[in-house]
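Sequence annotations record features per position, and here TrEMBL assigns coiled coil to 67-151. Annotation comment: TrEMBL describes 44-59, 156-172 as compositional bias 'Polar residues'. According to TrEMBL, the domain 'GDP/GTP exchange factor Sec2 N-terminal' annotation covers 66-149. What TrEMBL lists as region 'Disordered' is 1-59, 156-197.
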């Protein structure tokens, strides 16, 4: 409407010339009246021109106001555009930041996933290795259990099986054996009294009577066998037999021997069969072939002991070896009972424990077989 108004203002209406009216008959006689009519015709013409000028001035004013309004609107639109640009710029920065964070998060997630996969593979390899080792140990233990059952069944204290006990052979025969004569405390567990102490009289000639207190303590221990020395059964044996039997002059070494026997990590080797590998540093040897490391007395030492895997060897006399072997035999037998390898009634097991206690008592008093 404004544009149409401007077009109309640019094209003002045509103003025609006023034609004088023909004088009437009555007008001829009055020339002065004609002059008045001519003056009256000029007056409408000036009014029309005045209207046209007013229209032109009003159109100019409207045009100026319109242009001013348009300028204001333009400024507003420019401001809004600037605000929109700033908002777009801010949103683009936010988007870039989010994209960067998303990339970093994705990279960290992939790295963490790869790390977890590597750890899982490492753990799986370690578990498989442990499984293989455990299966190997199980097979070895099953073979040992089978051999021990054979020993328990075919060998008794009164009539040991010498084919299954090479250590019971005479020294002349033992010298022809090949390999390294190394006897762990477990392997010497079922050595009979014939090789460890003075041969006892036959069972038929002995008079035995069960001690009610000792038998009750053994029965209570047999119900739930354990190696904890806090129970009454083992506490008594520690006080009366194990402690005195392993009480040597060298107190510090005696304590180490006791711990090794309890943990089943004591090794006894004949001195004559020892071989030191070439290029290997010789182990620390306490005492010597002519001096006992436990008693400190000059004695002919035919054996030496090693505690665990320390590599330190200690020469021991036959008497000390008999005392240590007697304690090892006792611990090995009660381990067999704990593991369920002894298939006997309670009373025969009790008398076997008493026999092993007697061996410890004899050994701590200085009695030992000549073969040692």
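Just so it is clear, glycine is given a Cβ too, placed from its N, Cα and C backbone atoms.
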The compositional bias 'Polar residues' (44-59): DSSP-derived helix, strand, coil residue counts: 16 helix, 0 strand, 0 coil
For the domain 'GDP/GTP exchange factor Sec2 N-terminal' (66-149), the number of residues DSSP places in helix, strand and coil: 84 helix, 0 strand, 0 coil
